[in-house]
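Annotated features in TrEMBL:
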REGION    1-20  region 'Disordered'
TRANSMEM  75-94  transmembrane segment
TRANSMEM  106-127  transmembrane segment
TRANSMEM  147-170  transmembrane segment
TRANSMEM  182-201  transmembrane segment
TRANSMEM  207-232  transmembrane segment
TRANSMEM  244-266  transmembrane segment
TRANSMEM  318-340  transmembrane segment
Amino acid sequence: MQKDHGSSAPSTPTSARLRHRRRSNEFNFEMSKTNGNHLLINDHDKYKSMWIRACSSLWMLGGFLLIIYLGHLYILAMVVVIQIFMASELFNLLRRAHEDKRLPGFRILNWHFYFTAMLFVYGRILSHQLVNTVTSDKIFYKLVSKLIKYQMVICYFLYIAGVMWFILTLKKKMYKYQFGQFAWTHMILIVVFTQSAFTVANIFEGIFWFLLPASLIAVNDVAAYFFGFFFGKTPLIKLSPKKTWEGFIGASVVTTISAFVLANVFGHFQWLTCPRKDLSTGWLLCDPGPLFKPEYYPLPGWLSRWVLPWKEVAILPVQWHALCLSLFASSIAPFGGFFASGFKRAFKIKDFGDSIPGHGGFTDRMDCQMVMAVFAYIYHQSFVVPQDYTVEMIINEILRSLTLEEQQILYTKLGQILQERMFTFFLPRVIASRT
């Protein structure tokens with residue numbers, strides 16, 4: 001005989017806790033056991049969801065293009081804002097309101113660790129640009145130089161203060177929850193700041209190296225959605241039921257073609273190709289370098305005579321690098337999305353948040369971008385940046401590591417060394433000519 005579970009049943013603390021934990025983005029994955037029922041081609045509300053997704057995508061695209069136009073500093077601010085939203089979504093994932101009420105200040109502790117990590121990571125990455133920004137003002141230069149010199153010590157003691165705070169707030173019967181939150185916070189910091197550190201480094205190497213990888217992920221995502229929307233019939237992976245082989249293959253082709261075209265378009269704008277050496281927002285002028293200077297390839301005679309009106313075609317060397325990035329963006333980066341899908345299934349949620357209509361949360365949009373940003377930086381440092389030391393690299397290291405007074409001392413010593421070498425080089429020749 002079954003028990004009656006009607007409204008007359010008393011509410012226990014456990015049931016109240018479970019109700020409190022239920023979120024608007026929870027999703028019942030037991031509704032269908034087969035992947036085929038989840039395919040977009042079988043979704044009756046697919047046109048409505050496509051319209052919502054398209055409208056929010058256009059708003060995001062417009063804002064993104066405006067920020068790209070404004071420059072490096074504004075892109076950095078955008079990355080920081082996205083980071084904060086991602087951290088907030090991930091912090092909330094394992095948070096329980098019932099336990100948090102018994103731990104006042106525990107959320108503030110999470111954000112203390114977050115902003116300490118931000119100070120450490122961005123302080124290390126942007127120290128060179130920050131010094132170059134304030135070199136004209138001696139007072140600010142000395143202040144910034146001291147902060148950079150002791151930045152690691154400051155961050156360390158801020159972190160230790162957070163650990164001490166955490167230990168002092170430990171409560172009986174809450175140890176497991178508190179240590180779980182402590183470990184979860186550190187995992188979030190690793191995930192969020194690893195990709196953002198590489199993203200910021202890409203931005204200051206030239207917006208091109210941030211914009212192209214991000215664009216390829218967006219193109220691949222959109223192409224996979226539309227190919228799956230109209231042609232998808234073969235499920236790709238169980239972790240993400242709406243992904244299909246048709247969408248995966250179609251997106252790979254579109255992404256490869258787009259990479260070759262977009263690299264050529266972006267490569268003609270110095271605003272995108274020039275690296276930024278400081279934190280100013282002024283216009284950039286620089287030597288684009290051999291990667292962004294066209295090379296001309298002759299076309300076969302029959303092709304130029306009957307098909308195309310040109311005898312040769314101009315290709316930027318960076319376009320070949322773009323093809324390598326496109327292969328990663330279309331074949332490996334999607335596994336970041338599959339990982340996120342499996343993660344969401346483990347917690348029985350549909351999306352990490354609901355900040356972006358039709359897309360979910362910021363973390364849902366950044367899953368593949370995180371993987372791509374790391375690869376773009378590693379690829380750029382391994383195959384694009386010259387491996388041998390150049391004069392510019394040495395000068396940049398001097399500006400980054402030495403104070404203004406130390407640079408003046410180095411300048412004086414280099415002058416003395418050069419004078420001695422010139423003297424020892426020319427003196428024997430003068431003596432020989434006189435004899």
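Each residue, glycine too, has its Cβ placed from N, Cα and C.
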Take the transmembrane segment (182-201) and find every residue of the same chain, 6 or more past its ends, with a Cβ under 8 Å from one of its Cβ atoms.
76, 79-80, 83, 86-87, 90-91, 93-94, 110, 113-114, 117-118, 121-122, 125-126, 166, 210, 366, 369-371, 373-374, 376-378
Counting only residues at least 6 beyond its ends, the same-chain positions whose CB falls under 8 A of a CB in the transmembrane segment (207-232) are 39-41, 46, 50, 53, 57, 68, 71-72, 75, 199, 242-252, 254-255, 258-259, 262-263, 266-267, 271-273, 318, 322, 325-326, 329-330, 333-334, 368-369, 372-373, 375-377, 380
Cβ-Cβ under 8 Å with the transmembrane segment (75-94): same-chain residues at least 6 beyond its ends
64, 67-68, 107, 110, 114, 118, 180-181, 184-185, 188, 191-193, 196, 199-200, 203, 207, 210, 347, 349, 352-353, 355, 361-363, 366
For the transmembrane segment (244-266), give me same-chain residues lying six or more residues beyond its boundaries with a C-beta closer than 8 angstroms to one of its C-beta atoms, as numbers and ranges.
39-40, 208, 211-212, 215-216, 219-221, 223-229, 231-236, 272-273, 315-316, 318-319, 321-323, 325-327, 329-331, 334
